[in-house]
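Per Swiss-Prot, disulfide bond is recorded for C27-C145, C58-C133, C71-C116. Annotation source Swiss-Prot lists N-linked glycosylation site at N94, N115. Taken from Swiss-Prot, the feature signal peptide applies to 1-25, supported by similarity to another entry.
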Amino acid sequence: MFHVSFRYIFGIPPLILVLLPVTSSDCHIKDKDGKAFGSVLMISINQLDKMTGTDSDCPNNEPNFFKKHLCDDTKEAAFLNRAARKLRQFLKMNISEEFNDHLLRVSDGTQTLVNCTSKEEKTIKEQKKNDPCFLKRLLREIKTCWNKILKGSI
């Protein structure tokens, strides 16, 4: 009896509430049937992939972005949102107008489809803005994540 009173007097929540995982997400994917992805985003992702060339010159190390942000079962939309925001940095590479058009199409299209109501509008670090290897990897991860989402909804 004393133990129960002690817990509630000091505002300590029951252990079960502390151990419950946070499952709420502020992102909701709009187009799970894949029409917008297949007809718009995939085409632009493939074009960007061709424009960036081969990744044979890229080192095999994994950037911190991919260690911190994964496309796992509960965070696909959040990953895609962060990756789309990260893509905008590559506009500063100013490769060509066509490159920028495809980049904006993928970035804006992805953010529209994942429909995140994010409270955090942190400025993204610009350390990778001129790294074509990072861009290539980012595009590959975005493509893989979208494919994972679409396969799960079939």
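Glycine is treated like the rest: Cβ placed from N, Cα and C.
As the structure is a computational prediction, the values presented were derived from the model and not from experiment.
Known features from Swiss-Prot, placed on the structure.
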residue	record	contacts (Cβ under 8 Å, 6+ apart)
C58	disulfide bond	P132, C133, K136, R137
C71	disulfide bond	F79, L80, E141, T144, C145, K148
N94	N-linked glycosylation site	N100
N115	N-linked glycosylation site	C27, H28, I29, K30, A77
C116	disulfide bond	D26, C27, A77, A78, N81
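Within 10 Å of the C-beta atom of C133 (disulfide bond) sit 16 other C-beta atoms, taking all shown protein chains into account. In the three-state DSSP classification, N115 (N-linked glycosylation site) falls within coil.
Secondary structure from DSSP puts C71 (disulfide bond) in coil.
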